[in-house]
Structures are given as C-alpha cells and as structure tokens.
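Let me begin by presenting the structure, written as structure tokens, before commenting on it.
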Amino acid sequence: MVGEFRWQAGRPATAQVGGWVLAHCQQRFLQDDNGLLFPREWLKRQELPLLAEHGVGHWQGEPVYVLELDEPIELPGMAWAPLRQFMLHGDFDQFCMLGYASQIGIWARHNRFCGNCGTRMQAQDHERVMQCPQCGLHQYPRLSPSMIVLVTRGDEVLLARSPRFVPGVYSTLAGFVEAGESVEQCVVREVREEVGVEVANLEYIGSQNWPFPHSLMLGFHAEYVSGEIVPQEDEIEDAQWFSLDALPPLPAQRSIARHLIDLYLARRSGAAEPVLPG
C-alpha cells in the first residue's frame, strides 16, 4: 500500500522489469476474468500492435504501465471495456488509475512525431514530456480547462440537457475556457451563450479531472441576475428552472456536475455538505 491510497500516479521507468500493465486503445481497456491489470512481461510477449509504453504509477505499491495500441485487437478470453463504464460503476481508485492511463496513452499516440519538423519524438526520463531530438520541441500531456456551473435562483436551479445526454437527464452548464479569458469570464460568457441569461456572485467550488479525453473541470455556483432562457441552437436541447423539491433525473453521483447540485441542496436544507469525489 502506498500512503492511504491504493493508486498513486507516477513515472516508473520502462527500463525496469516486471510490474503490471494496462492495454489501452481509443479510450477502451483490455480485460479478462481477472480484471484489467496484466502481468507486464507476459502481455508484452503477445503479438500486439504497440505504439508506445509509459509508466503511469503504482497500484498497491506495484508499478503500473500502459501499452498504447494502434488498434483494439481481439485476444482469446479477453474483451475491450470503455473507460466511461468505470466512471459510472465500480471502484473509484481504479477509475482514477484508468483515467490517468488513458490520458497518457492518448498523449503518446498524438505526439509520436514532431508537429514542427516531423521527426519522431522521444519520451524523456526526467519528466513527463515528449521531446523532438531535431528541433527541441516539447510536448506535455494535454489538459483542456473547462468551467462547469450551477446557476441558482433561491430555491430554483437552472438545468439543461444536450442532445448527447442520456434521455431525460438534465445537468449543469459547461464549456471550455478560450484563449485570453479567465475561468470566471468563461462562466459568464458560456452561460450567456448557452441559455441567454446573466449571472453574478460566482463562487468557486472545486475541480475534477475529466478524462474524456483530457478536460479539467473547474466547478462554480453562480447567482441568476437577469434574462429569459433562450437555449443555444444545436448545443442545448432544453433548459428550465427546476424547484429543488422537483428535480429531473440528474448526472452520475461521481461527477462534479452532480456534486454542484447536491452541495446546493445541502446548503439550502442545512444538511451536511457532500465531499467532491477525487
């Protein structure tokens, strides 16, 4: 056990022998009846379309690596499972491990060659970076900062649904931070764009890594100021004010979207405040 957590992100050296390995491709992981972690040396002896291998951390003190595969090939007695499945169900420590491994795998896939001169990139031992030996370009794992906000109006909250959502589910508003703006400016702009209302008195609540594929969600509460709801065409299927005692189906418990809603409910009712997962 490492500290109080079973999973600890890190960079175990690929030159060392042994450990566990995850096989990843297109945000899916290979698994069999024993789970997702395979003996590293055994899996590497299989005929795999390997693109890259990276150390990603330790599980119960043992080093863990990710093999990024070119395609999700079929192996006897094994199947591919989507990352999102582990977010919704099962062990949260395991989901954190898989989310990190997926982001590193995607980064390795997308940065095999230099975007400046086309030379094959090389992983560095001293930090998590791909470097071009020809022109020196550095590429770090990508993070895309996004705001997510619950707009409130007393005992009402503004919730919306995208055409991509599970039928019937409503959630908070979210959007990516654009170049040149602060996260707070992004909150005001995205709310205005998505539902046509103005907000103020922003309160930062917390953040959550969201590996679909590489977002960092920064969560807020914001108070309604003015305006009528006008859903953004092609982005928002429906948006409504909901009373706290008559909420629609909501996002998964582990999501920061659900946490923003549950936290506001707790504060209005005087109940104990929930803890943000992760």
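Glycine too: its Cβ is placed from the backbone N, Cα and C atoms.
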Quick one: which of 21-42, 131-152, 153-174, 175-196 does Swiss-Prot have down as motif 'Nudix box'? 175-196
Residue from Glu71, Glu74, Glu127, Glu228 that Swiss-Prot also lists as binding substrate with Arg84, Tyr140, Gln208, Asn209, Trp210, Pro211, Phe212, Pro213, His214, Ser215, Ala257: Glu127
According to Swiss-Prot, Ala174, Glu194 bind divalent metal cation 1; which of Glu223, Glu233, Glu235, Glu237 is also listed for that site? Glu235
Could you measure the widest C-alpha to C-alpha distance across Arg84, Glu127, Tyr140, Gln208, Asn209, Trp210, Pro211, Phe212, Pro213, His214, Ser215, Ala257, the residues recorded as binding substrate, and give it to a whole number of angstrom? 32
